[in-house]
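Quick look at what Swiss-Prot annotates:
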{"type": "BINDING", "residues": "T145, G166, D188, N230", "note": "S-adenosyl-L-methionine binding site"}
Amino acid sequence: MPWIQLKLNTTGANAEDLSDALMEAGAVSITFQDTHDTPVFEPLPGETRLWGDTDVIGLFDAETDMNDVVAILENHPLLGAGFAHKIEQLEDKDWEREWMDNFHPMRFGERLWICPSWRDVPDENAVNVMLDPGLAFGTGTHPTTSLCLQWLDSLDLTGKTVIDFGCGSGILAIAALKLGAAKAIGIDIDPQAIQASRNNAERNGVSDRLELYLPKDQPEEMKADVVVANILAGPLRELAPLISVLPVSGGLLGLSGILASQAESVCEAYADSFALDPVVEKEEWCRITGRKN
């Protein structure tokens, strides 16, 4: 069914109070959006970090009398009579179907294609990874995933062991296996990611060569010829002592999930253990690669 949304602009400090006010006025859900499209990364545990200039959006049933909603909100001390707002009627959509319709096969490097599992492959002779991300991150559409896939495609992975640290949907580990790796190991803190990776591995016929672990279950002595970690700059810095010991001597490391402005600090965390290559950038993101000393 169609919906009505009411949008308010406020400061991050007042956003939670206005969220409560919208719920009390009958909103069925609340969304926070940055007015200026400024990214927020890596909040502290338990922290809900909001932008300095925040849009608070309440979603209402189409039958709601919005004049009554506005009258209720005018009594709020942060708003008052005649407060600025915007009301829009939203078209009813099958959002899952719309997302699926807009997810098309994508090529990375010379050989590799990532294809939605519900679409035909564009090149039968290419290295095709059939993907259904489910509830986990990783479709290839994000610049960081794209950077990692292009890097993997550029390598000779024949017979190699690959670790995908923070595997999400399993896209990188599965791509490595399809590109010739003998074995891949996926590690993620999210059980849903482990399940999504397992499902995608089965879909691609590589489940017998993919090991999946939550961090608490991973073997103590794990080594690989290639290690790729597409997470975020903060965890990459904090986990550098752990990640740095995973590649064998002479092994390769690929890191992403890093803003270009964060590259220097991440490089510093790995410089003692790796001979690092020049940083590669895509949009505002980057990839760091190197060889183990």
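For all residues, glycine too, the Cβ spot is worked out from N, Cα and C.
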So the record assigns T145, G166, D188, N230 to S-adenosyl-L-methionine. If I measure every Cα pair among those residues, what is the longest distance in angstrom, as a whole number? 16
DSSP, reduced to three states, assigns N230 (S-adenosyl-L-methionine binding site) to strand
